[in-house]
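Here is what Swiss-Prot says about this protein:
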ACT_SITE  Ser101  active site, nucleophile
ACT_SITE  His126  active site
Amino acid sequence: MPVGVPKVPYRLPGESAPQWVDLYNRLYRQRLLFMGQELGDELSNQLCGIMIYLFAEDPSIPLFMYINSPGGSVTSGLGVFDIATVMMQDVTTICVGIAASMASLVLSGGSTGQRLALPHARMMIHQPEGGSRGQASDVMYESSEVERLRDIVVDCYVERTHQSRETIIIDLNRDLFMSPRQARSYGLIDAVALPAVKEEYTGFSMFS
């Protein structure tokens, strides 16, 4: 039986008594964002809206986005990627579990030096897919649009990984899975996050 989203206490500024809010709402207030499901319009709009709101509230405080997603809609992924890369605010992206397809592109869109993966995470890149059905004119239009989106995705990976365009095109032709070390060498992330020594634990440490 599903338990739903847990609720946790949170005291609003100026309030004497805490209120019970859902876990993700509480974490958003701490500038911790989660992409924990397939990326569609609803999740994309939520993430983009939260990032824009938090940027407007205080652009000097960084955001942290935890990613455990199989990917999803190309346009939804590009929306989150664009917001993360164009805002004048540090966005740390962290792969927890898997960042596949468009989720791997969002992962790569974190601020330079702040794109991380946990030790046993997996990343996967491949080219956008389209389901061409219907009349011939519709199929041709969709094929053209898929090619356009594919070129955009290739350009984004080239910019974020510094791999050659030829390398990216070849690698996107199949499901290319990577370990954190491989993703770091590829340029998809900057470092692998490791827990610090227990006695001195303050969060995650990194090695490059």
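Cβ coordinates are placed from backbone N, Cα and C, and glycine is handled just like the others.
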His126 (active site) to the residue listed as 'active site, nucleophile', Cα to Cα, whole Å, comes out at 6
Which same-chain residues, if any, lie at least 6 apart from the residue listed as 'active site, nucleophile' yet have Cβ under 8 Å of it:
Pro70, Gly71, Gly72, Gly77, Met124, Ile125, His126
Just how many other Cβ atoms lie inside 10 Å of the Cβ on the residue listed as 'active site'?
18
